[in-house]
Amino acid sequence: MPGHKRVLLAAPRGYCAGVDRAVVAVEKALERYGAPVYVRKQIVHNIHVVTELEAQGAIFVEEVDEVPSGAHVVFSAHGVSPAVVNAASDRGLQAIDATCPLVTKVHREAVRFARDDYQILLIGHDGHEEVEGTAGEAPDHVTIVNSPEEADRVEVADPNKVVWLSQTTLSVDETMETVRRLRTRFPQLQDPPSDDICYATQNRQVAIKKVAKGADLVIVVGSANSSNSVRLVEVALEHGAKSAYRVDYADEVRQEWLEGVETVGVTSGASVPEVLVQEVLNDLAGAGYRDVEQVRTAEEDLMFSLPKELRQDAAGRRDERALGGRGRA
Ligand code: 0CN
Ligand code: SF4
């Protein structure tokens with residue numbers, strides 16, 4: 001219907017199982033030990049989540065040397081290198097490890113391939129916390145490959161003993177292009193035993209591809225340092241969206257983005273609470289986009305148990321939230 005304003009709302013979107021678990025871990029630690037509870041780095045890459053947890057008494061630090069000795073410290077969902085674990089233990093900190101189990105899986109792969117003396121080409125963004133953590137498992141064996149272009153330049157010691165692994169929150173298509181170029185140069189390149197790009201990253205990209213096809217504008221809710229959120233903007237643009245922007249909050253949506261726009265696609269990254277999406281939808285409704293159609297490409301019901309340090313209550317009973325993430329996408 002020409003001139004008909006509508007919203008295509010991607011599903012799955014928003015919180016994944018690993019983010020939910022990490023956020024609940026901080027809340028649970030605050031409840032159990034009282035404020036303050038220290039958190040190394042942002043627990044997940046979302047400014048709203050961090051601000052809310054700060055209001056509840058969490059203190060976010062860059063490194064464990066900022067944490068008073070003996071205090072509780074939560075490691076973020078993106079994981080930490082063994083050097084950080086050791087530094088925390090040397091300071092006598094009580095660590096709660098909220099690393100997503102799907103990141104831990106990649107750490108284990110890195111350890112295993114390093115033990116077998118492989119050179120590990122770790123596809124990911126240099127400087128991202130997850131990449132620092134994974135690379136830190138086997139610093140002598142890991143070479144970071146930032147982009148498809150870097151795949152054309154990277155040097156390996158023995159082309160018969162190379163494997164690629166990746167960050168969990170990359171663009172699937174771009175990563176496959178990087179691997180293709182690596183394999184052209186190193187035909188013996190081994191694949192990871194299973195997908196490193198996680199289910200949540202993949203599902204959100206599949207959903208936004210479908211939405212983008214029919215969208216004049218795509219709005220992605222997510223923070224600037226959230227790799228998976230930023231990838232959703234890129235994927236939308238590559239799959240037919242005429243324009244695509246990322247916002248942290250609804251009030252960042254600019255009037256001029258909506259000029260001449262009939263169909264707005266909306267999604268959110270894996271670290272984004274649904275309330276922020278609903279605020280965008282409210283504002284869009286105010287601008288005449290009241291017709292909202294959900295475009296669902298997958299069901300998600302994965303949940304992870306809480307970090308082991310939080311699984312039992314003070315009396316040693318298993319906590320009923322131990323099995324807990326909340327909600328589906
Ligand atoms: O936004 P996130 O906190 O992290 P990245 O997308 O930047 O990796 O989402 C949760 C992902 C993890 C681990
Ligand atoms: Fe885990 Fe994937 Fe969520 Fe990261 S995006 S926390 S790897 S489920």
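Just so you know, glycine gets a Cβ as well, placed from its N, Cα and C.
Binding of isopentenyl diphosphate is attributed by TrEMBL to HIS78, HIS128, SER226, SER227, ASN228, SER271, and the same site annotation extends, among HIS45, HIS48, to HIS45. Note: the (2E)-4-hydroxy-3-methylbut-2-enyl diphosphate site is recorded as HIS45, HIS78, HIS128, THR168, SER226, SER227, ASN228, SER271; in the same chain, VAL44, GLU130, THR169, ASN225, SER229, GLY269, ALA270 also have Cβ atoms within 8 Å of that site's Cβ centroid.
Residue pair HIS128 (isopentenyl diphosphate binding site) / THR168 ((2E)-4-hydroxy-3-methylbut-2-enyl diphosphate binding site) shows a Cα separation of 11 Å. Apart from CYS16, CYS100, CYS198, the [4Fe-4S] cluster site neighbourhood in this chain, defined by C-beta within 8 angstroms of the site C-beta centre, holds ALA17, GLY18, VAL19, ALA77, LEU102, VAL103, THR168, THR169, TYR199, ALA200, THR201, ALA270. Ligand 1 lies under 6 Å from the Cβ of the following binding-site residues, listed in sequence order from HIS45, CYS198, SER271: HIS45, SER271.
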